[in-house]
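**Student:** The structure's right below; bear with me while I get my questions together.
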Amino acid sequence: METLQNVVTGGKKGGCTSGSRPLRILLVGKSGCGKSATGNSLLRRPAFESRLRGQSVTRTSQAETGTWEGRSILVVDTPPIFESKAQNQDMDKDIGDCYLLCAPGPHVLLLVTQLGRFTAEDVMAVRMVKEVFGVGVMRHMIVLFTRKEDLAEKSLEEFVTHTDNRSLRSLVQECGRRYCAFNNRASGEEQQGQLAELMALVRRLEQECEGSFHSNDLFLHAETLLREGYSVHQEAYRCYLAKVRQEVEKQRWELEEQEGSWVLKVLPIGKKLEVLHSDFCWYLVLAILIFFVFFFLLFYV
């Protein structure tokens, strides 16, 4: 297991050299969605603790390594940091450790969600992913549906195309229609086949991004900290966690600003005129009040 201590003491992830172009995959999504089981399917071994229940087993970020067709793969599993109730005193540490394990940045973020169960919690998880990693993170996102076996005779494309879940349709569009499905109980040829399908999507994504990975200021800070070497008890680590808090807050503000701008763009012209008219009315009322106050002061005081 690739622990945080292995990383902070200068160990290289999986013993990979820079020339081997290791693929870094970050698992994201709401608690209990099957991230750990998906990680095990990716690595084709029980690397992460996984149980068949709707609650998260993973308590801290964990990285495991494997290979696919000769290429080294680093898979990072995440604790419950992508939900509104996850705001607690350990949040900064959980996010900071996730950045450290995935530095200098992930090539792919796998958003794991259960087939036919994309709920408000999943929508919140997507928003939290943007807050934690920045608004540009969707450029490197692939949606991965678990419970592929539930499709029965229907194809995944049919399911996605004809779903009446608007939030899911919007997400798929935002991710450039990059999606696939896993049966995490599969083995042998079935497991190999679904993994090959995902890796084909990964190659397409890497071509679109010209081989780049997702990065931001916080990943640069994490990389610097790793390069310098440190202890989790040192002042440098505490300063890093303070930076985590600042950067996530900044990214949250940028997301809210972007959403506000988007709302104005998609408002119908009539609605925009209503907003403008409403603002004008308020200014008119304010101007009249000021006039009467000035008139009263001028003639009666």
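Each residue, glycine too, has its Cβ placed from N, Cα and C.
Here Swiss-Prot flags G29, K30, S31, G32, C33, G34, K35, S36, A37, S50, R147, K148, E149, N184 as GTP binding site, drawing on similarity to another entry. The domain 'AIG1-type G' feature in Swiss-Prot is assigned to 20-223; the stated evidence is sequence analysis. Here Swiss-Prot flags 263-301 as region 'Required for targeting to the endoplasmic reticulum'. According to Swiss-Prot, the topological domain 'Cytoplasmic' annotation covers 1-279, on the basis of sequence analysis. Residues or ranges marked as transmembrane segment in Swiss-Prot (evidence: sequence analysis): 280-300.
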**Student:** Tell me, what is the mean pLDDT of the region 'Required for targeting to the endoplasmic reticulum' (263-301)?
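**Tutor:** Here the predicted model's pLDDT, averaged over the region 'Required for targeting to the endoplasmic reticulum' (263-301), is 57.
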**Student:** Within a 10 Å radius around the Cβ, which one of these binding-site residues has the most neighbouring Cβ atoms: C33, A37?
**Tutor:** C33
**Student:** Restricting to the chain of G29 (GTP binding site) and a gap of 6 or more, list residues whose Cβ falls under 8 Å of its Cβ, or answer none.
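**Tutor:** For G29 (GTP binding site), the qualifying residues are K35, F82, L111, V112, T113, D122, A125.
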**Student:** Compare all C-alpha positions of G29, K30, S31, G32, C33, G34, K35, S36, A37, S50, R147, K148, E149, N184, the record's GTP binders, and send over the largest distance in angstrom.
**Tutor:** 21
**Student:** Just to confirm: which same-chain residues, 6+ apart in sequence, have a Cβ under 8 Å from the Cβ of E149 (GTP binding site)?
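**Tutor:** Looking at Cβ-Cβ distances below 8 Å from E149 (GTP binding site), excluding near sequence neighbours, one finds N183, R185.
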**Student:** Which chain-mates of R147 (GTP binding site) that are at least 6 residues away have a CB under 8 A from its CB, listed by sequence?
**Tutor:** G34, Q114, L115, G116, A181, N183, N184
**Student:** If you draw a 10 Å sphere on the Cβ of K35 (GTP binding site), how many other Cβ atoms land inside?
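**Tutor:** Its Cβ has 31 other Cβ atoms within 10 Å.
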**Student:** Can you check what DSSP calls R147 (GTP binding site), collapsed to helix, strand or coil?
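**Tutor:** The three-state answer is coil.
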